[in-house]
Amino acid sequence: MSEQRKGLMTGAVPDGYRAGFAILVGRPNAGKSTLTNAMVGQKVAITSNKPQTTRHTIRGILHRDDAQLVLVDTPGLHRPRTLLGQRLNDLVAATLSEVDAIGFCLPANEAVGPGDRFIAQQLALLGRKPVIAVVTKADLVSREALAEQLLAVAALGREVLGDDGFRDIVPVSAKDGFQVATLEDVLISHMPSSPPLYPDGELTDEPEAVMVAELIREAALEGVRDELPHSLAVVVEEILPREGRSEDNPLLDVRVHLFVERPSQKAIIIGKGGSRLKEVGTRARKGIEALLGTKVYLDLHVKVAKDWQRDPKQLGRLGF
Ligand SMILES: Nc1nc2c(ncn2[C@@H]2O[C@H](COP(=O)(O)OP(=O)(O)OP(=O)(O)O)[C@@H](O)[C@H]2O)c(=O)[nH]1
């Protein structure tokens, strides 16, 4: 992940700023999604101005004055087949080895079982990676039962990870917010010193907008990646159902801005007589239609926004 830390957001960064990646793991139904949403809201960044990575889906970003916590997810990670199979597959292992901290979720209202032990054993293979045990759904049990569960989880930690056990054990309830802020603090405390990894700003309720932006970005960079390394931001302005279409034949209007830094880059994206942009649109549209399961009308606009990566005001205007 060191690649990703390189100068994405340079400039004045407060002393002691921390930024990094965390992931929540745990057996199915442990409360990972609900907890992620409680930490970052059900919103995810709409833009796809992100460090190159194919392994993670970003579930959300927690922005603080002194820290940024990027919660990631791995496609397939939570499928029991993957997690409870013979071993974690390479993808999952690679992701886990790249995050800065792992929150291992165990529900308060279910006894620690073989599934949890299996996951703990896999986490132990990662060596020194900070693993924080998160006892979820605390609202469902009495204080006594919660205390007993904390002891059981601590015992599992010592059994599997050795004498020190889990780095921290934090009971939470995503439902009533109990200790969610504490968990955030604990995760952030395990993040390395680093400038922010992502711009602060606009979030959307539509996770699919992120994927739409990503598909367009991929299509737009195809073949010209070297010429436009970090200079392309894709902003999905809106995704609206076209009025007057019948229910069984809907059409979505997807309006998108592509921002580049220089007129020369705009020319590259657009191509001779708009030929390249047309190809980009066609390619991206196919992916978007497959993703959303409906026909799509894709409206792409290329704009020049000078030095947008370095100018917070500009980022704000662009909706970052
Ligand atoms: N009472 C209570 N219920 C919760 C809490 N967190 C999650 N749940 C419920 O537990 C169930 C599973 O939660 P999810 O967040 O979907 O769990 P998950 O670990 O993401 O599940 P998978 O996607 O199957 O891996 C849902 O019905 C949630 O509503 C909590 O803090 N309190």
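Every residue, even glycine, has its Cβ placed from backbone N, Cα and C.
Cross-referencing 136-139, 248-251, 280-283 with TrEMBL places the feature region 'G4' at 136-139. Ranges compared are 73-76, 157-160, 161-164, 165-168, and TrEMBL records region 'G3' for 73-76. Looking at 2-6, 52-56, 192-196, the range annotated in TrEMBL as region 'G2' turns out to be 52-56. Here TrEMBL gives region 'G1' for one range in the set 26-33, 202-209: that range is 26-33. Remote same-chain residues near the region 'G4' (136-139) are listed as 26, 30-31, 34-35, 105-109, 146, 171-176, 178-179 (criterion: CB distance under 8 Å, separation of at least six residues from the stretch ends). For Asn29 (GTP binding site), applying a Cβ distance below 8 Å and a minimum sequence separation of six or more within one chain yields Pro107.
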